[in-house]
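> Features from TrEMBL:
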- Asp27, His115, Glu482: pyruvate 1 binding site (BINDING)
- Tyr157: pyruvate 2 binding site (BINDING)
- Asp449, Asn476, Gly478: Mg(2+) binding site (BINDING)
- 4-108: domain 'Thiamine pyrophosphate enzyme N-terminal TPP-binding' (DOMAIN)
- 201-320: domain 'Thiamine pyrophosphate enzyme central' (DOMAIN)
- 406-528: domain 'Thiamine pyrophosphate enzyme TPP-binding' (DOMAIN)
Amino acid sequence: MTTTVANYLLTRLEQLGLRSVFGVPGDFNLAFLDEFDNHRDLTWVGCANELNAAYAADGYARVNHRISAIVTTFGVGELSAMNGVAGSYSEHVGVVHIVGTPSTFDQRSGSLLHHTLGNGDFSVFAKMSKSITTTQANLTDPATAGSEIDRVLQACYVRAHPVYLGIPTDMAYAEVSAKPLETKLDLSPRENEEELETYLIDEVLGLIHGAKAPIILVDACAIRHRVLDEVNQLIRRTHFPVFCTPMGKSAISEELPEFGGVYIGSITQAHIKKVVEEADLVLSVGALKSDFNTGSFSYHINKTAVVEFHSDRTQVKYATYPGVGMNSLLPKLIARIDTARTTAIPVPAFENEAKQEHESAITHDWFWPTVGDRFLRPDDVVVTETGTSNFGILDTRLPHAVEIVSQVLWGSIGFSVGALLGAAQAARERDDEAGGGRSSSRTVLFVGDGSLQLTVQEISTMIRQGLKPIIFVLNNDGYTIERFIHGPEREYNDINTSWQYQHLLEFFGAVDQKSYKVSTQDEVTALFGDGEFMAAGRIQLVEVIMGKMDAPRALKVQAELTAKANSHK
C-alpha cells in the first residue's frame with residue numbers, strides 16, 4: 001500500500017499530536033497544502049507573514065508540550081521565518097520547518113527561477129538554515145522520503161530543536177510506502193549506559209542524604225525536555241525548597257508550600273537570594289544559563305554544591321558525564337531516595353506584594369502583584385513580551401497551573417503577538433480534548449506598545465480563527481527596556497505614539513469584541529472586578545497607560561548590568 005509524501009508527513013504530524021499547522025502559501029508549497037483537504041483533523045492556520053507564523057509555531061509547541069510545524073515557500077518565505085526559527089533553536093523548542101522548493105528537474109538543471117539568487121544554487125537557503133536546525137532533509141528520492149521524514153521528526157521531538165524539511169513541487173505527490181505509518185515513531189530518549197548511570201545515582205544519593213540545606217532549581221530545559229512530572233515527584237518525595245529561573249517561570253506550581261520564588265543571581269529578592277546561595281546542595285534541573293536568565297551571570301552558588309541534570313549530560317560538582325541524560329536518570333534516582341535521611345529547610349512564602357502607593361497612576365510595582373492577586377486564574381496561559389512584561393511577571397505569584405510563554409534568551413521583540421496566536425490555538429485544542437475534565441484556559445498577552453507595532457497584524461489571524469485572548473497593551477511611549485539600557489532620551493527609542501489602540505480590534509474586523517483604556521489604579525481594580533471582562537467570552541484589548549520611565553524592579557537592575565556589559569567606555 002502506498003501514499004503520497006505530503007500525506008505521509010501530515011499523517012506523522014497528526015500522530016505526534018498536532019492539530020494545527022502554521023504558515024504562508026507560496027507557489028512552491030501549494031501542491032503540498034492541497035493535501036490538508038484530506039486531513040480534516042489538521043487545521044491550516046494561514047498567517048499574515050512568515051515571521052509571525054514562526055512565532056506562532058513556537059508558542060503552539062510550548063503549550064502543547066510536543067512539537068509544531070510551519071510551512072513556507074522557497075527563498076523569500078523561508079528567509080522571513082528564519083528569525084523565528086532561530087529563536088526556537090535558541091530556546092529549545094521543537095519546530096518542523098517545511099519548505100516548498102522548486103521541482104527536482106529545475107534544481108538539477110539550475111534554472112533561473114524567481115525566489116532564487118539568480119545563480120542556479122538551490123541549496124543556499126537550506127545551508128543558511130543549517131545552523132538553526134538540529135537536522136535537515138531535502139526530499140528528492142521517493143525511496144528514502146518516508147524514512148527521512150521519520151528521522152527528522154524524531155530528532156525534532158527528542159532533541160527539542162527545530163528541523164528543516166525541503167519538499168520539491170514534484171515530490172509532494174510522489175508515491176511512498178504507507179507501511180511505516182502503521183507504527184508510531186519511537187520518541188523515547190536514548191537510554192543511559194547502565195553502569196555509569198548507577199554510579200552517578202549512588203554519588204548523587206550520597207549528596208542528597210548528607211545535605212543539611214538542599215534546594216531544587218528548575219530551569220527552561222526541564223520544561224522543554226518534558227521532565228516536569230519527575231521534578232514534581234522529586235519535590236513530593238523530599239519536600240526540598242524549590243526555586244525557578246526566569247526561563248523556568250511556571251514550571252512548578254507556585255501554590256506549593258515548597259515554592260520559594262525566582263532566582264536571578266544578583267537581581268534576586270534578598271530573602272530568596274539568601275536561601276539559594278546558602279544551600280549546601282543545589283539540584284539544578286534543565287539549566288540554561290544565559291545572561292538575562294542569571295542576572296548577567298551573577299550566580300553566587302558554590303560549584304561544589306551543584307548537581308546539574310541535563311538532557312544529554314549530568315554534572316556533579318566539577319565533573320561532567322556526557323551521555324547521561326535526566327529523562328532516564330531522574331526516575332531511578334527519585335525511587336531510591338530514603339526520605340528518612342533527607343532534611344528539608346523551611347522557605348519563606350512567595351507572595352504578591354503590591355507596593356502601597358498614594359498616587360493614582362499605574363506603576364509596575366503596583367500592577368504586576370495586582371495582576372497576580374486579582375486577575376490571573378488557574379490554567380491561564382500567559383504570554384509576555386521581551387521587556388517590561390517579561391520582567392514584571394517574575395515577581396508575580398501565579399495561581400496553580402498558570403503557564404508562562406516568554407522568550408528570555410532570544411529576546412526578539414514582537415515575538416509575543418505571534419506566539420499568542422499559537423498558544424491560544426494550542427490551549428483551545430487542549431481544552432477540547434479534555435472536554436469537561438479541566439477548566440477553560442484563558443489566553444492572555446502582556447505586550448508593550450513598541451513591540452506590538454512590529455507584529456500587530458497577527459491579531460487579524462486570531463480573529464479569523466475565532467480565538468478570544470485578552471490583550472494588555474502596556475502603553476509607555478516607546479522602547480522602555482532600551483531606554484534603561486542606553487539613550488533614555490534618544491529619538492531612536494521613540495515610536496509613533498498616535499496609534500488608536502481602542503480601534504485595533506474593530507480595524508481588523510472583529511465583530512464580537514471589546515476594548516478598554518485604563519490610566520489609574522482604580523480603573524484597573526474595577527476592570528478586574530468586571531465579571532464579563534474576566535470571563536473572556538470574546539477577544540478583548542486593554543490599553544494600560546504607564547509612565548515612560550517606569551519599569552519593574554528586575555528590569556531596572558538587569559538593564560544596569562547590561563549597560564555596563566555593553567559599555568564602550
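Placed from the backbone N, Cα and C atoms, the Cβ positions cover glycine too.
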> Tell me which of the binding-site residues His115, Tyr157 sits in the most Cβ-dense spot, judged by other Cβ atoms within 10 Å.
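Top count of Cβ atoms within 10 Å goes to Tyr157.
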> At 10 angstroms around each C-beta, which of the binding-site residues Asp27, Asp449, Asn476, Glu482 has the fewest other C-beta atoms nearby?
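Among the binding-site residues Asp27, Asp449, Asn476, Glu482, the sparsest Cβ neighbourhood within 10 Å belongs to Asp27.
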> What does DSSP assign Asp449 (Mg(2+) binding site), in three states?
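For Asp449 (Mg(2+) binding site) - judged by DSSP and reduced to three states - the answer is helix.
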> Restricting the comparison to the binding-site residues Tyr157, Asp449, Asn476, which residue's C-alpha is spatially nearest the C-alpha of His115 (pyruvate 1 binding site)?
Tyr157
> Which value in Å gives the longest Cα to Cα span across the pyruvate 1 site residues Asp27, His115, Glu482 as recorded?
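Maximum Cα-Cα distance: 40 Å.
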> Can you tell which of the binding-site residues Tyr157, Asp449, Asn476 lies nearest to Asp27 (pyruvate 1 binding site) in space, using Cα positions?
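If we rank Tyr157, Asp449, Asn476 by Cα distance to Asp27 (pyruvate 1 binding site), first place goes to Tyr157.
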> Across the domain 'Thiamine pyrophosphate enzyme central' (201-320), what are the DSSP residue counts per state (helix, strand, coil)?
43 helix, 27 strand, 50 coil
> Counting by DSSP, what is the helix, strand and coil composition of the domain 'Thiamine pyrophosphate enzyme TPP-binding' (406-528)?
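Secondary-structure breakdown of the domain 'Thiamine pyrophosphate enzyme TPP-binding' (406-528): 61 helix, 19 strand, 43 coil.
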> If you measure Tyr157 (pyruvate 2 binding site) to Asp449 (Mg(2+) binding site) at Cα, how many Å is it?
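Roughly 35 Å, rounded to the nearest whole number.
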